[in-house]
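Visitor: One structure, pasted below without further comment.
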Amino acid sequence: MANLHLLTVEILTAALGLGLLALGLLVPHSDRRGIAYVATAGLAGILAAAFGMREASGVVLGGYVIDPFGTYFKILFLVAAMLTAACSYDYVEKMGLNQGEYYALLVLATLGMMVLASSGELVSLYLGLELMTITFCILAAFHLGDAKSAEAGIKYVLLGAMSSAIFLYGLSLVYGSSGTTVIREIGQAVATRGASPALLLGTIFILAGFAFKVTAVPFHMWSPDVYEGAPTPVTGFLSVASKAAAFAALVRVFFGALPDLHSFWVQLFIALAVLTIVLGNLVAIPQTNIKRLLAYSSIAQAGYLLLGIVSFSVLGVGAVMYYAMLYVFGNMGAFMAATAFYNNDGSDEIKDYAGLARRSPLVAALMLFSLLSLAGIPPMAGFVGKFYLFMSIISRQYIWLAILGILMSMVSVYYYLLVAKAMYLGNPPEGSKPLRVAPGLQVAMVVSLLILFILGIYPTPLTNYAMNSAVTFFMP
């Protein structure tokens, strides 16, 4: 019980989520814009608390692990949630959505991701996964009266339920084979008893469940439709934060519980990475809707992150952590630009972005440089992230995988530049007006743009933080 202070971040997040629900019921409709500000300020305060605990370590309640690895991801989730809240102000009002419920679900999804990232035990890991999934199911269908949003919610519920069942069955097989639900103890049991057929089957099922959450091929089919139909800010949050949470849990399970099966599962990860990188990039080329293009781009980015898992090293885990943080600003930047455009023109079609640079230089610049960062073009921050990912697999002699990743990154430049071509070389429609962007969204956009440049030119502070956190994860 003495270690309960280590749960400060989670307790504050839960309190904020419940408080926002209460405010949604108590605050008059005309004053509900204030709920958005409370959510953003609350997340900022929790972010400060998480940063202050970045070196804290300990185990709470027998299986909940507080360590620099988990805290790094909590900081990532909070940053993503703040950016999502900032770009939701106008969107939520325009769509007539319930602000209290919307921001409460956003915060509770963040709580689920925190639990997922710090779980050192299978039951709490599953509970965190379900809290995250259920809140995202509601958020995906939150745009009432919109058929695509309803379709997105239904697809996410049905396919999410199926993946959760597969994942839970895998957990039960691993528990039956090891006799414990504590991740470190599972690793000790596997090292002592060896691999049984049930354990290998459970490993495959767990990997399939994680693959659904990170949108790895062939478990990706839900993401383009869900991303297109969900509210745009939610799509950005879903594509970034939930993926990072799944990777955090994936590292804990496969590196903590199943390291002795590395020679077995690494082949599965290689196959997933290759399929995900290739299909994600190739299918993105013909897309005409910006959210679908970013959905397939997000699939490809998951493939690059899988390369860090394949390397099975401190460098690989550190590279995953570093790239995941950059991915927040790159992908969220693109979705913030898409949100600003949708708030004004009500369209997500790339052809309608024609002449955007003349209507809003800031929105066009954020979209352009976010996409260039995702492509890994220097001096953007994404270049440094991909450099570390490729170096991690080259150090393990997977040179062909690095070459494939570089070639597919070159392919991604093509479809990203199709968006840039429309924005900078196209002509805006006659009578079109300059885009009106809310002050809060403008601040978030400028911050994202600056961070993409700063971390591309001077990445040392974040690389050191990510690598040091990865080192502590491998300590006994």
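Backbone N, Cα and C define each Cβ position, glycine as well.
The annotation transmembrane segment is assigned in Swiss-Prot to 7-27, 33-53, 59-79, 100-120, 122-142, 156-176, 199-219, 265-285, 305-325, 363-383, 399-419, 437-457 (among others).
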Visitor: With a Cβ cut-off under 8 Å, give me the same-chain residues at least six positions beyond the ends of the transmembrane segment (7-27) that come close to it.
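Guide: For the transmembrane segment (7-27), the sequence-distant neighbours (Cβ-Cβ under 8 Å, at least 6 residues beyond its ends) are 34-35, 38-39, 42-43, 45-46, 49-50, 53, 60, 64, 66, 71, 74, 98-101, 103-105, 107-108, 110-111, 114-115, 118.
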Visitor: Do we see three or more Cβ pairs under 8 Å linking the transmembrane segment (437-457) and the transmembrane segment (122-142), pairs being at least 6 apart in sequence?
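Guide: Not in contact, no.
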Visitor: Is the transmembrane segment (399-419) in contact with the transmembrane segment (33-53), using at least 3 Cβ pairs under 8 Å (sequence separation of 6 or more) as the test?
Guide: no
Visitor: Are there residues at least six beyond either end of the transmembrane segment (100-120) with Cβ under 8 Å to its Cβ atoms? List them, or say none.
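Guide: Contacts with the transmembrane segment (100-120): 9-10, 13-14, 16-18, 20-25, 27, 32, 35-36, 38-39, 42-43, 59, 63-67, 70, 73-74, 77-78, 81, 84-85, 88, 92, 127-136, 138-139, 142, 182-184, 237, 241-242, 244-246, 248-249, 252, 256.
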Visitor: Could you check whether the transmembrane segment (399-419) packs against the transmembrane segment (59-79) - three or more CB pairs closer than 8 Å, residues at least 6 apart in sequence?
Guide: no
Visitor: Where among 156-176, 265-285, 363-383 do we find the most Cβ pairs under 8 Å to the transmembrane segment (305-325)?
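Guide: Going through each listed stretch, the top one turns out to be 265-285.
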Visitor: Which residues, given as numbers and ranges, are at least 6 beyond the ends of the transmembrane segment (156-176) yet have a Cβ under 8 Å from it?
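Guide: Distant contacts of the transmembrane segment (156-176): 122, 125-126, 129-130, 133, 136-137, 140-141, 186, 198-199, 201-210, 212-213, 219, 221-222, 226, 257.
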Visitor: How about long-range neighbours of the transmembrane segment (363-383): same chain, 6 or more residues beyond its ends, C-beta under 8 Å?
Guide: 297, 301, 323, 326-327, 329-331, 333-334, 336-338, 340-341, 353, 356-357, 409, 412-413, 416, 419-420, 423-424, 435, 437, 445, 448-449, 451-457, 459
